[in-house]
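Database features, via Swiss-Prot:
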| type | residues | note |
| --- | --- | --- |
| ACT_SITE | 200 | active site, proton donor |
| ACT_SITE | 298 | active site, nucleophile |
| CARBOHYD | 156 | N-linked glycosylation site |
| CARBOHYD | 373 | N-linked glycosylation site |
| CARBOHYD | 402 | N-linked glycosylation site |
| CARBOHYD | 422 | N-linked glycosylation site |
| CARBOHYD | 478 | N-linked glycosylation site |
| CARBOHYD | 522 | N-linked glycosylation site |
| CARBOHYD | 622 | N-linked glycosylation site |
| CARBOHYD | 739 | N-linked glycosylation site |
| CARBOHYD | 760 | N-linked glycosylation site |
| CARBOHYD | 777 | N-linked glycosylation site |
| CARBOHYD | 805 | N-linked glycosylation site |
| SIGNAL | 1-19 | signal peptide |
């Protein structure tokens, strides 16, 4: 926003005095920074008042969804998600950056290949999506260590505090990632409009300064020093007011908070507990940050699912379309202006990046599934709300009132919250007073309008609010100069075209609705039956009532066409911005929104653009689909769908119609059980001939871990030796006295971890894991040992990831992995000399392409056999379906031809493991570099996505697996197969294979 010179002089004068600047433009209070350099940049690009953000001087509501690039590291597929978000009517995506993936070794920042953020930013720009950058350094995110690299366990200072050792440890990462973000912020023509320093900085232990203004200011200064000039926003984990503007040092520019009102009990997806619907957020906002727009930086879009949980299908049921209607519209009642849903797309926890309490899938029950499908009804419901927000600018300038059970509705069973506008229209959010009610309630409304106070319906009958539903009724809604005095049906969108205006309204099945329009024109039904439609003309308006039908009706009132739809029909409509200069829709601006067209096209419409006399649509189809286009510019004569010229007809209302045929491809998937499987023992460490001379010695007398002191003669904490991820192996050498009868050990691997112990080649036993246990103390009986003879104890520990660091001062991220105690407890027992290993090289990890977390310490991993084309020619022939006959770990490999048609079909293939004979396994698909943990006694997910972008997708695929048998009887997979969902004819285009180097003999591998 540009200021007059007089205003600028006043600002500079106040700035010189160190004051915060406030001024009024067009009746709104704007807040400017006291820092002149920052203010100079922001005044043109991103500013705000107490109502909303302004981008380039234009008021805008930020409607956003969370999506993490590291959970879908394929550029073209990132564009796919951005386009699906754009199609919702959203204009923004929020993203985390996982520090652990880009600085696996202190001082070495590597953000290339799949970890390069710039293609992610470019894809956002191509889709016309703004970005909210959230690089941490702490992110939580159900990620290992909350995004902290494992080497922070050695930092001599409290994490997320002003301790110098911790701050110094963050400098390299933040300076690099913030500089990249600065390069792509809006001031440089990029998509990034907001920056969040820290994450959920909300709770601290007693004895620790919290909140620490010095710490928070340091994190903010790190970003500013790297060139970040866009506004800083925070996300208090609850509406507590921490670091809000005006709180002093460490205050952010815009205060935001999180909210997950239904919690995470997916096991009871139909239960909405009493009292969980927020009702005081507006009051808290006015108390905590009245000068900034109301922001919820994380509002519940799904749920995580723990080991043994009911699965993400249940989570998507708990947080379904009904939840969205009730809870998201409730947020609108608070005049939310920055709303980000966590998650919009969850993705996958590739290669050990997840935290201990979760598994491979991070589907999150979100609107877009892990396999990138948009078949959940909650996606379509979001589209209705997102598009309504785009065409309701008066919402942002209205004045929210208090909720009430009297004054608007004629029954106390309903609660109404008004947002009253002057000349910009008003909004009335209606819900059940018992928000979880599944009853249908009949009601009438009395609403203030420009035509006076009106009792609705005027033409007789009643309105209906069905169970677990909510509505936003509008009054004096401006449809490009036509005043909608009121509408009880909800607004999907409206547009002004050269030949008139179009308004799209929808209602639920079985409902009756009514609207009134300021006009002297008559009502004409121009499509569909007149049955169930009534109207009445007054001196200055016309009132229309109708019963919702599954068949579309169109009525004409003057130059306004009104489409009357049921909700399920409205799901099939899309409102793409119409590009006239190139193919990209561009960012959402009032001009771009106004230029949109309306398309009925089923599964997905990605983009629309004009080129010469052609109207080009890019769209996805999962069935033969009738396509209709409303508002085609007069310059367009031909229709192209996905690049193909498509014949079309034009009806009397100017609607273009065409049909896209869908022919399901003939897909023949190979039978995995019939492949020529090769096997290699991946636990050679228990063989008598095994040489561990190259292993690091666990000989540190002290630990650098400040959370837990040593209870062993030397440190057996893996992070002290640079091993932070995946399987850990220990070999303890001792010379027997002959008195030893038992071996006691306490292993730590995180929630649901497992461990196994051998003496030489003799299996002693295993801990198969429980969700509630992150460590386990076991005592194993020993056979009679021969005095003077050397023995080796081999311990395998499944490291499930590092703990998150939610509460400042607890330093739970430093919870060690490995062995906390071990001994031969008998009186004259010999001491044990330990060696250990994790991934080859530890922090000097071997595979720079796949990153520092991808590999663990199993023999096959250290050798690189999990990579494509391992040297399996001379391996034993054996299948994971045959498995192991005794406790151990095997690695299985097979190749096959995957011949998929290259006709634009997206197949969303998956690997499905349906059952296990024995309790635990791990498997790895080398083509996707996914590590999955499947535990029989707390198994939740048994399907793994195979996204496009995998190398050699249409030629040789390689599947590798490490079944871990924690039972003396061995173990095997009961079933292993490839499957696919309904193929989608997609306009996404070619997906380039990400770099996946093949096997190469590793120097120094042991």
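Heads up, the Cβ atoms here are built off N, Cα and C, so glycines get one too.
Swiss-Prot feature annotations superimposed on the structure.
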residue	record	contacts (Cβ under 8 Å, 6+ apart)
156	N-linked glycosylation site	165, 704, 706
200	active site, proton donor	140, 235, 236, 237, 258, 806
298	active site, nucleophile	66, 235, 258, 259, 260, 340, 342
402	N-linked glycosylation site	417
422	N-linked glycosylation site	none
478	N-linked glycosylation site	394, 424, 425, 484
622	N-linked glycosylation site	602, 603, 662, 982, 983, 984, 985
760	N-linked glycosylation site	686, 688, 791, 792
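A separation of roughly 33 Å, to the nearest angstrom, links the Cα atoms of residue 373 (N-linked glycosylation site) and residue 805 (N-linked glycosylation site). Residue 739 (N-linked glycosylation site) is 103 Å away from residue 522 (N-linked glycosylation site) when you measure Cα to Cα. Local packing around the glycosylation sites 373, 522, 739, 777, 805 was summarised as the count of other Cβ atoms within 10 Å of each Cβ; on this measure the leading residue is 805. DSSP assigns residue 402 (N-linked glycosylation site) to coil in the three-state reduction, placing it in neither a helix nor a strand. Note: the CA-CA distance between residue 739 (N-linked glycosylation site) and residue 805 (N-linked glycosylation site) rounds to 44 Å. A separation of roughly 24 Å, to the nearest angstrom, links the Cα atoms of residue 805 (N-linked glycosylation site) and residue 777 (N-linked glycosylation site).
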